[in-house]
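To start, the structure under review is shown below, and the notes come after it.
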Amino acid sequence: MYYDPSTLSNINEIQTSHIGLNLRVDFEHKILDGSVTLRLITIADNVNKVILDTKSLIIKSVSQDGKQLKFNLNNEIDCFGATGLHIELEKPLATGTKFELEISYNTTIQGTAIQWLEPSQTVGKKHPYLFTQCQEIHARSLLPCQDTPCFKITYSANIQVPHPLRALMSAISVGEEEINDDKSKLYKFEQKVKIPSYLIALAVGNLAGKEIGPRSTVWSEPEVVQDAAWEFEDTEKFIAIGEKLLTPYEWKKYDLLVLPASFPFGGMENPCLTFITPALIAGDRSLVDVVAHEVAHSWTGNLVTAANWEHFWLNEGWTIGGCYRFGEDNPLTALQPVLKGIDPDDAFSRVSYEKGYNFLYHIQQVVGGPEFFEPYMKAHIEEFAGKSIITDDWKNFLYSFMEKTFGSAKKDALDKIDWNGWLHSPGMPPLKNEFDQTLSEECNKLAERWNLARNNENFKEFSPADIEKFTTLQKMAFLDRLLEFPPFPHSSIVAMDKAYNFTTVRNVEVCYRWQKVCLLAEYEPMFPHVVKFVTQQGRMKYVRPLYRMLKNTKKGSDLAKKTFTENKSFYHPIAATMIERDIF
């Protein structure tokens, strides 16, 4: 039995094996118009219907072998798409029956997967742009499908776009041709490695590419491509490290697409074409760790996939190396939360990343260190490549591998882990791992000095030399430590900025943390800088906390609401929905 509380599809009767898309991009009406062909197989007996996930789609017709089928679509919308698209089959089908459905449809502007950008919202200011974001359950507003990671599919696509724009997808390009007297171009794609529905991705815009490695091209608007190529030229090194630790890279291409500033995440691991925010172009390669994170997803997340969003940590815990948005007792802070009736977007937080990483690190220590854990990591990928798994699958194989490879002592060691505490209890992990604190000691000491000096009349003891040799990570750690103290007096804020020039820094991670320090202190001269920051890039990691903090200041609530209202169209629909919930 398959289980996914976030899908409405009849996943225990029907399984999709392949999706074929034929779509025309219509920027004038902001829709994708065309059809999808679903290759299906019955996995139960006497199946007389197909139920698909849909949200904000207009379904025109459904056919099987050229014959029109009856269908019903409830237009009532919730985060899951109400009751789904119900399609009546001509006759009941026996187990193992293969068949195809062709569905003619178009998307709507209300869909949450696609952001349509006006030329003014791009760098070049001349051409429109669109991009999709299907994680977690937004593929259903891009196409009617079984929008669940419990099944994996291959897909192909023909995408017609107006000249001179280019289409890119999370797949391999297999051709392009001019049509309609050179007014349009047809781009063709194939993804032969099986993926979950949330990894289907499309971008269309005025795009240029520059090769940065033997299997990597960086794509962006032409105005950005040179800077992006320089910033991310070490991408091949990250792929090579993954292959050394795990298994050969299976996706042929690893391209990067630098999106417009409204992209709501740091990166999205779409296979063959990772989407990344332009905010990572810091000019000093200090933020390329995000690319390393997305490369790691080529194995954990894309090749081995969590079977539903309750097990999301299986995708994210391996890819990172705190504090949570929710309260300590919120059940969503469990590593394996129960999501029945809950929008997975509402459950998204750092829990899967930080708590997941700490859990895996703890297990590594318990079994004896990297020399025992790294062989297991490789075996994990080999065992589950191409599959969707739940936490019990992962745990059972961990036990099996450790006992068979290294003996019963490892099983005994694993038995001592507080499995319930780690997986099912809310709040912080049941124990605190010990990490090397060498680099953070100087940051902590400097933060302590500022805390002790908070009531000083002058701050002559502080100077630019304090952080002259700090790496970007150390500057981030210093500012994070400041946030743990009570709000600083405005005199301290002024002195700190005079010494370190944080207000004018280009690096978004440093800028973000400095603005949080200032907002906590209700330092009003920082308000215009916060407004500028949250309206120039749309990464939710930054904009949601800053909007919340600005709203919670005595004189910033109206400004936060006014800023969002005036700039709502700038944000991706996913981000806009979440920010609106945060501040209204």
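From the backbone N, Cα and C atoms, a Cβ is placed for every residue, glycine too.
Some features that TrEMBL has for this protein:
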ACT_SITE  GLU294  active site, proton acceptor
ACT_SITE  TYR353  active site, proton donor
BINDING   GLN133, CYS134, GLN135, PRO264, PHE265, GLY266, GLY267, MET268, GLU269, ARG539, MET540, LYS541  peptide binding site
BINDING   HIS293, HIS297, GLU316  Zn(2+) binding site
DOMAIN    438-583  domain 'Peptidase M1 leukotriene A4 hydrolase/aminopeptidase C-terminal'
* Which of these binding-site residues is closest to the residue listed as 'active site, proton acceptor' if you go by CA atoms: PHE265, GLU269, GLU316, MET540? -> GLU269
* Structure fact -> Across PHE265, TYR353, listed as recorded positions, the smallest other-CB tally within 10 A is for TYR353
* Can you name the recorded positions among GLN133, GLN135, PHE265, GLY267, GLU269, TYR353 whose CA is within 10 A of the CA of GLU316 (Zn(2+) binding site)? -> TYR353
* To do: Please state how far apart, in Å and to a whole number, the two most distant Cα atoms are among GLN133, CYS134, GLN135, PRO264, PHE265, GLY266, GLY267, MET268, GLU269, ARG539, MET540, LYS541, the recorded peptide-binding residues.
  => 18
* **Cβ-Cβ distance under 8 Å to GLN135 (peptide binding site), same chain, at least six residues away** => TYR198, LEU199, MET268
* Roughly where does the domain 'Peptidase M1 leukotriene A4 hydrolase/aminopeptidase C-terminal' (438-583) sit in mean pLDDT, to the nearest integer? -> 96
* Given the recorded positions GLN133, TYR353, MET540, which one's Cα is the least distant from that of HIS293 (Zn(2+) binding site)? -> TYR353
* **Integer Å distance between the CA atoms belonging to HIS297 (Zn(2+) binding site) and PHE265 (peptide binding site)** => 15
* Asked: Between the binding-site residues HIS293, HIS297, where is the Cβ count within 10 Å the lowest?
  -> HIS293
